[in-house]
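The active site, nucleophile annotation in TrEMBL covers A:D52. The feature substrate binding site is assigned by TrEMBL to A:Y111. For A:8-104, A:145-245, the entry in TrEMBL reads domain 'Pseudouridine synthase I TruA alpha/beta'.
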Number of protein chains: 2
Amino acid sequence: MTRFALTIEFDGRPFMGWQRQSHGPSVQQALETAAHAITGEPVAVHAAGRTDAGVHGLAMRAHCDIGKAITPFRLMEALNARLRPHPVAVLACEVVADDWHARFSCLGRSYEYRIVNRRAPLTWEAGLAWQVPQMLDEGAMAAGAAHLLGRHDFTTFRSAHCQADSPVRTLDTLSVTRTGDRIAIRAAARSFLHHQVRSMVGCLAMVGMGRWTPDRVGEALAARDRARLGLNAPPDGLFFTGAIY
Amino acid sequence: MTRFALTIEFDGRPFMGWQRQSHGPSVQQALETAAHAITGEPVAVHAAGRTDAGVHGLAMRAHCDIGKAITPFRLMEALNARLRPHPVAVLACEVVADDWHARFSCLGRSYEYRIVNRRAPLTWEAGLAWQVPQMLDEGAMAAGAAHLLGRHDFTTFRSAHCQADSPVRTLDTLSVTRTGDRIAIRAAARSFLHHQVRSMVGCLAMVGMGRWTPDRVGEALAARDRARLGLNAPPDGLFFTGAIY
């Protein structure tokens, strides 16, 4: 068996999320079905993170073990041919050590959340960004974001379905950048809780709208109470942008 | 009657192009149907340019005359409400003089052509960019583009269906910029011939692939012969980005 690391881009719109589900299509299922068709063996594909329904991947990292003799380039080409018409593409493929694990070896994960801040509805970006009609103050959002940086108990920003043992995480980056009517929020950490990025973005949007002061983000964090969450941002604007090892 | 200027964004994928057609949906028809529903009158919408099937608009300019008393803001909001579920959005609306004409008053038009230069197929950008698997040399493409700047007879870069009286145009900008695996080609001129941008991009791609020297672009231009065209780029990657008045 040879272990291959994959870098995967996917459009989350038609999927129930990364993880295989009994009730609908998943990115994992699309990849495992393609790998099975190529190798004739059942193949398990493990990812750096399990994204929710409607969340996208620009550079998800994953791995799989393949018995058949095949070069990384041929495996990438064959997967891309078999993945059609699913909006999933393998951008890179390499051989890695047998103990390299996309999830457990991962030292850092990053996300980007895209907001289109305008009155008009989205056209080609529908499902690929969060359209917010109220004018957002990105300076206030950045001030609110500063309260979340560092090591904290993120219970307020954690889904009730989160399976992590501890609510403590260390947030290394949470930046807010406006370019015209687009606002990008970039987050990086060793790992995130379930819904953490969308929950943080939702609170920052409350600040941007002027409904919350920046300090209230810190108060919500300190409360360690999910009921204090302002708003959970929709999955549409969330992109998994990378994992480091 | 009051004349309103509109700034319109649209996803060209489901449309036969800007102009109303008997055989399929058009952006013009979507807008005119929405305006009719709001005003109760037949409304004609005139654009700065008529884009082809599958070509997109980031900031198409257009105008229409409306008899009903309505503010620009209310007209924009009502059009956006009535345009659903078409991927067409009115980004801005203003009152203009009765002799202002989106097409005839236009002093300059600009386009951006988006190439994704990679082996892997497109996912969320399918239909929104041209995926070119061969590695493109953007420096050579820029050198080829330099041959097309200025006032020339663009017969080589003109569709057989072009209705313009003259094949002479003055190309003010044709830039080639790479950011990672994305190449953006930006073009600006007072006006363009039918298929001119896609034809120019096709030849630049031939240069980028190493199949043409940069000088051959100049030779193809000088030949004034459509048969000398290297390649017509697909509509997918083409965005109308603005008009100046």
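Note that Cβ sites are derived from N, Cα and C of the backbone, with glycine treated the same way.
Take the CB of A:Y111 (substrate binding site) and look out to 10 A: across all protein chains shown you find 26 other CB atoms. A sphere of 10 angstroms centred on the C-beta of A:D52 (active site, nucleophile) encloses 19 other C-beta atoms. Taken through DSSP, the domain 'Pseudouridine synthase I TruA alpha/beta' (A:145-245) splits into 34 helix, 31 strand, 36 coil. Distance noted between the C-alpha atoms of A:Y111 (substrate binding site) and A:D52 (active site, nucleophile) is 13 Å.
When the domain 'Pseudouridine synthase I TruA alpha/beta' (A:8-104) is classified with DSSP, helix, strand and coil residues number 25 helix, 29 strand, 43 coil.
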